[in-house]
Amino acid sequence: MPANTVESRRTHSAGLFDIRNIIGALLTIYGVICLLMGLFGDPETDKTGGPNANLWSGLVMLVVGVAFIAWARLKPVKVPEVKE
Amino acid sequence: MTSPVVALAGDTIISAHPVDYLIVAIYFVFVIGIGVVARRQVSDSVDFFLSGRSLPAWVTGLAFISANLGAVEIMGMSANGAQFGLPAVHYFWIGAVPAMLFLGVVMMPFYYGSKVRSVPEFMLRRFGPGAHLVNAISFAVAQLLIAGINLYLLGSIIQALVGIPLWLSTIIAAAIVLSYITLGGLSAAIYNEVLQFFVIVAALTPLTWLGLKRVGGWDGLKQGITEGAQNKGVASAAEQLHSWPGTALTGFSSDILSVIGIVFGLGFVLSFGYWTTNFVEVQRAMATDSISSARKTPIIGAYPKIFIPFITILPGMIAAVLVPQIADFKAGQSVAGGAEGSITYNDALIYLMREVLPNGLLGVAITGLLAAFMAGMAANISAFNTVLSFDLWERYVVKDQSDDYYLRVGRLATVAATVIAIGTSLLASNFSNIMNYLQTLFGFFNAPLFATFILGMFWKRMTATAGWVGLVAGTLSAVAVAFLSEDAFGSVSLGVLPLSGQGASFVAAGTAFVVDVVLSIVVSMVTAPKPVEELRGLVYSETPKEDLVDEHEKTLPWFRRTIPLAVIAGVITIALNFAF
């Protein structure tokens with residue numbers, strides 16, 4: 001344990017307000033919206049040059065978002081830098 | 001080209017659908033939510049300004065780079081990409097990464113170990129009140145001017161979106177930024193900066209992918225640029241497709257001078273000055289839990305920085321080939337549209353978004369741009385806030401009041417800064433090229449500061465008088481060069497010196513640096529130095545080695561230590577310079 005770690009264990013970056021949960025939640029929501037647009041909306045292939053951009057970008061955002069939430073769940077941080 | 005010329009009355013540049021507005025609205029719900037939550041945790045003024053030193057290195061590392069990924073990076077670099085092509089990468093691989101690594105490896109232990117809250121405070125302890133006052137005032141002014149640039153660009157996005165006049169959208173933008181800074185302070189700012197970074201990457205990556213697909217891949221892009229380069233007044237294809245020697249970027253006719261200008265002016269003076277002394281970014285590293293984390297903050301930030309040109313400069317290059325309006329402007333025509341009524345390179349990114357992104361992704365892109373400008377401006381204002389309340393108000397105006405009092409001063413300063421930024425945004429809107437204006441400002445404020453800083457850190461003989469004399473003379477000489485150049489000051493410049501474009505600001509910065517160093521040495525020789533025992537933690541040779549390292553770092557695996565991380569980033573950057 002580093003000597004200069006603050007004594008009180010505040011839950012400053014823990015729980016729902018862990019930044020990874022916030023990033024994960026936002027990207028997941030955006031991913032779902034874009035995915036739905038890709039599935040049910042106009043793919044506007046004249047703009048994108050072929051690919052269904054909403055579908056693929058939505059999928060990637062969804063995966064990244066879920067990964068962030070999973071990271072926060074698997075390694076919850078209260079005091080950073082102390083990991084076994 | 002049959003594409004309709006825009007800017008009819010009541011017409012908007014971007015046609016957003018309800019789903020795009022939904023995506024923007026969700027972001028604001030998150031932003032306000034973070035502000036409200038962070039506010040509940042504000043206990044005293046140190047907590048408000050530095051988040052109580054409790055954040056891990058990867059959060060501050062991303063916040064560090066995000067604070068910089070604002071108006072400059074996104075609009076300025078895509079504009080530079082559209083105009084100059086690949087030489088714009090120098091702003092990243094020469095003009096940012098080396099200085100960020102230097103900051104992490106050499107400078108950060110001093111900032112962190114001496115527990116200063118701002119760079120002006122460091123100046124105070126090394127040189128005394130003279131240099132401190134000069135630096136604090138010039139820093140505060142610089143933040144207000146740069147906040148104006150961010151606000152102007154934020155206002156122009158809102159204008160493109162809803163079609164209201166620029167003055168109205170600027171005031172709306174200012175109100176939005178103000179409401180979220182006052183809710184939560186630095187904690188909220190850091191969290192929002194990290195969040196907007198992911199949104200902007202999520203938007204710019206598909207934009208680049210689709211744009212590249214539409215122009216026919218890298219080969220299609222090269223072909224398009226080569227065809228466009230046949231027009232008069234456009235940089236040759238060879239100049240646009242190779243990063244070196246970058247003569248179009250600097251405006252120098254000689255290859256050798258251009259390389260010297262980029263390496264010394266941009267790479268050394270401007271960039272080291274910016275990254276090592278700009279408290280907007282340094283403040284992020286100070287919010288970490290240990291010296292080790294503080295040092296890793298800029299180094300972790302350097303990794304995304306290496307790859308950001310691929311999603312900022314590349315889309316600019318694509319826009320100049322794919323978007324008819326931008327291509328016509330590049331070919332020398334005057335095209336109606338854009339934020340100012342006629343197209344400039346600054347509009348490249350917005351027009352590319354409109355050209356290739358379907359609704360949905362378009363909303364993500366709009367959100368990313370709004371968020372990036374907000375984050376940039378919020379960072380300027382919170383830095384201004386810190387310097388005004390601690391360095392100017394507490395020290396020179398009203399001393400020895402409670403923490404509560406200075407917290408209130410800080411909040412008032414935030415409001416005042418936002419109002420003043422509306423004024424400075426008018427100033428910014430008078431410059432045809434935002435990047436030139438910004439680099440000129442950096443030359444005035446950061447180049448002399450860096451010269452004084454680096455001398456003071458490594459030369460214990462340097463005196464207090466030399467500290468403030470060097471700063472004042474350096475700034476004045478940079479202003480003089482900009483004033484005498486062709487256009488660094490816009491229409492105010494006299495045109496006595498044959499310098500224009502971004503080369504002029506490189507020369508102004510270089511002049512400031514040299515004048516500052518020479519005068520500091522001369523003045524130091526005739527004035528008395530500070531006693532050596534007062535310089536511990538402030539001058540390299542007087543600081544014991546054990547003060548600069550975190551003994552805990554040895555227990556970390558190699559890939560989480562400062563030096564190996566810095567070396568890897570350095571190697572990648574050098575490789576990229578050879579590849580392009």
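Cβ atoms are placed via backbone N, Cα and C, with glycine included.
TrEMBL entries are annotated by machine, without manual review.
Keep in mind the model is a prediction, meaning the values are calculated, not measured.
TrEMBL annotations:
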- B:58-79: transmembrane segment (TRANSMEM)
- B:91-112: transmembrane segment (TRANSMEM)
- B:133-154: transmembrane segment (TRANSMEM)
- B:160-182: transmembrane segment (TRANSMEM)
- B:194-212: transmembrane segment (TRANSMEM)
- B:256-276: transmembrane segment (TRANSMEM)
- B:361-388: transmembrane segment (TRANSMEM)
- B:409-431: transmembrane segment (TRANSMEM)
- B:437-459: transmembrane segment (TRANSMEM)
- B:466-484: transmembrane segment (TRANSMEM)
- B:504-526: transmembrane segment (TRANSMEM)
- B:562-579: transmembrane segment (TRANSMEM)
Leading contact stretch, B:58-79, B:133-154, B:160-182, B:437-459 vs the transmembrane segment (B:194-212) - CB distance under 8 Å: B:58-79
The transmembrane segment (B:409-431) in contact with the transmembrane segment (B:133-154), cutoff 8 A, at least 3 CB pairs, sep 6+: yes
Non-local residues, at least 6 beyond the ends, that sit with Cβ under 8 Å of the transmembrane segment (B:562-579): 89, 93-94, 97-98, 101, 104-105, 243-244, 292, 295-296, 299-300, 302-303, 306, 553
Positions whose Cβ lies under 8 angstroms from the transmembrane segment (B:160-182), at least six residues beyond its ends: 10-14, 16, 31-32, 35, 151-152, 154, 188-189, 192, 339, 350, 366, 373-374, 377-378, 381-382, 411, 414-415, 418-419, 421-422, 425, 429
Annotated stretches the transmembrane segment (B:58-79) and the transmembrane segment (B:256-276) touching (3 or more Cβ pairs under 8 Å): no
The transmembrane segment (B:361-388) in contact with the transmembrane segment (B:91-112), cutoff 8 A, at least 3 CB pairs, sep 6+: no
Spatial neighbours of the transmembrane segment (B:504-526) far in sequence, C-beta under 8 Å, 6+ residues away: 250-251, 261-262, 264-266, 269-270, 273, 436, 439-440, 442-444, 446-448, 450-452, 455, 459, 461-463, 465-467, 469-471, 473-475, 477-482, 485-488, 497
